[in-house]
């Protein structure tokens, strides 16, 4: 048994070294000890139209008797298209049992992306559909969690009369939380306009590890003195309801002029509701650390107020 494990380890290490040598910066180590890796695959390196992130975890039995545990991450990959690609990867494994297959998987995905780019253009319709689905999932939750003060939720493209500061704000990174091979890390930046939100996201995505996260959930709140209102918005990035929960936490803490992004790297084990606890704990910790929160008494009052709103909402639904 030990000899088999040693042989698997050696073959895995050789394959990992080969992948890093072949793909360079596209290949990303998420967790070396847990053997979780990620690679960003595009149809074209110079002018990518379609991109997909393949995340893999190598079990001890791979490549001898077990396949890699994998996840395909792309906002446009849904339904039959996702099923077809998954079937293709599983066929490759069946045809090459006992062999190292990561390279074959990557190149198969690249072939699919190239074919897709030749058949269609990634027009606004694809992106718009994804955004609308995300908004529909969150609308009820955000409305139920709104505090009594007037709040305005805006899309990035809406132009505001408020003077926009185009300087990239400083970004702080929180201490990661790891549970059952999933890792969560919060990132915080002061923001005073939606354009800065976009700048912060762009800067974070320059980091290949953050860009390859399974989910990058974020929320922001900007206070407009002249209108006595908040501009606020949130994004699930595929983790349903996580953005709304994060925004609700920021409302409870009564923070303003700040955005929080929480990156999650999925480790292959489902966490259930615990994932929301870790997302909010990451966010709360960095908000407290950077002195964005009110006193505990004020936060408790706000929490009570929000609970009352949610309870009234629930009663009306039943």
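All positions are counted from 1 along the displayed chain.
Yeah, the Cβs are placed from backbone N, Cα and C, and that goes for glycine too.
What Swiss-Prot records for this protein:
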- 14-116: domain 'RWD' (DOMAIN)
- 294-318: region 'Disordered' (REGION)
- 295: phosphoserine (MOD_RES)
- 304-318: compositional bias 'Basic residues' (COMPBIAS)
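Confidence over the domain 'RWD' (14-116), given as mean pLDDT on the 0 to 100 scale, stands at 88.
According to DSSP, the secondary structure content of the domain 'RWD' (14-116) in residues is 45 helix, 24 strand, 34 coil.
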